[in-house]
Amino acid sequence: MISLQLPLSRSRSSFSSSALPRRCRATFSAPSSSVQIFPMARSALDEMSELGAFNRTPSTFRSFISRDKTSLFPAESGRYHLYISYACPWASRCLAFLKIKGLHNAISYTAVKPIWERTKESDGHFGWVFPSSSTEELGAEPDTLNAAKSIRELYELASANYSGKYTVPVLWDKKNKTIVSNESAEIIRMLNTEFNDIAENPVLDLYPHHLQAQINEVNEWVYDGINNGVYKCGFAKKQEPYDEAVKKLYDTLDKCEEILSKQRYICGDALTEADVRLFVTLIRFDEVYAVHFKCNKKLLREYLNLFNYTKDIYQISGMSSTVNMEHIKRHYYGSHPSINPYGIISVGPGIDYFSPHDRQRFAS
């Protein structure tokens, strides 16, 4: 959900000021040439308090698709398009809902390249971009719908005066050529209920009425401690906020481990929205967050219940297709130069999430 990049192939002599963190750019100078400093478009790496803590800002586009045919955005097959990055956990939760609800034939989607690149020559912004051809980047596609070269262009097409972050997911209305929503928490609610008339799996309800209060409560502490918690660890610029974030992260993981020792899913015996939201962080934990974000007090595979739970969710029909570990690793290790300036990709454990798990011990 962020926007800066140091390309892996760039040599030291070819660095430009725009490829460096904002705090470095004012003092950078290239050998025997002048450097023009451009305004930097806002990114999550800028969302830091004076105390060095990471504070995520809310999403901007918050319209809602409805089953009501008279609404501004009625649920219609073929009308909407989802822009995602396989690297981004927030976008991946939307793709997961699209797949397990059976909406992949009703709502098309496009994946961007995993590593940020420059989005406009007139400033120093690096962000999500599309490949120029279908063969350039395995797992990514050109934007054949709007011919955009970047996610940024979609935001500017939807709102000429937009000045926020250029994030994924983006739920796009083909008819009105605008963004319906870029808030993943609300997009998954739309996908869960509003398209049931055309979904292949309409019976599956990931936000059932009788569990909504519990799901909301779990979502809140999982988001604060784990989903956003790993980012608070990784983007912390001072020791104290890092220490606070990592303590909360592992307190929350321990809480999940205890809950999952007694039941198959985080809210009981049925798969819910809360499981999908937790899963997208857990699947990235040992390969990325443990190293890149310094979340290394304990690995996921050291948690008996959490590790088996992650494999259980991964093996649900459609879920594994939403996980592209190559894109995930290349993005994180290659797009945060202030954290990993040389762009070296950690080899990682290469976990087989299709290996057997023990979650069948709980009644379904």
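Just so it is clear, glycine is given a Cβ too, placed from its N, Cα and C backbone atoms.
Worth saying up front: this structure is predicted, and the values here are computed from it rather than measured.
Binding of glutathione is attributed by TrEMBL to LYS165, TYR166, THR167, VAL168, GLU183, SER184, and within the candidate set TRP116, TRP128 the record adds TRP128 to that site. Under the DSSP three-state reduction, TYR332 (site 'Lowers pKa of active site Cys') is assigned to helix.
Rounded to a whole number, the distance between the Cα atoms of TYR289 (site 'Lowers pKa of active site Cys') and LYS165 (glutathione binding site) is 23 Å.
In space, CYS88 is the closest of the recorded positions CYS88, TYR231, TYR289 to VAL168 (glutathione binding site), judged by Cα positions. If you draw a 10 Å sphere around the CB of TYR332 (site 'Lowers pKa of active site Cys'), it holds 25 other CB atoms from the protein chains shown.
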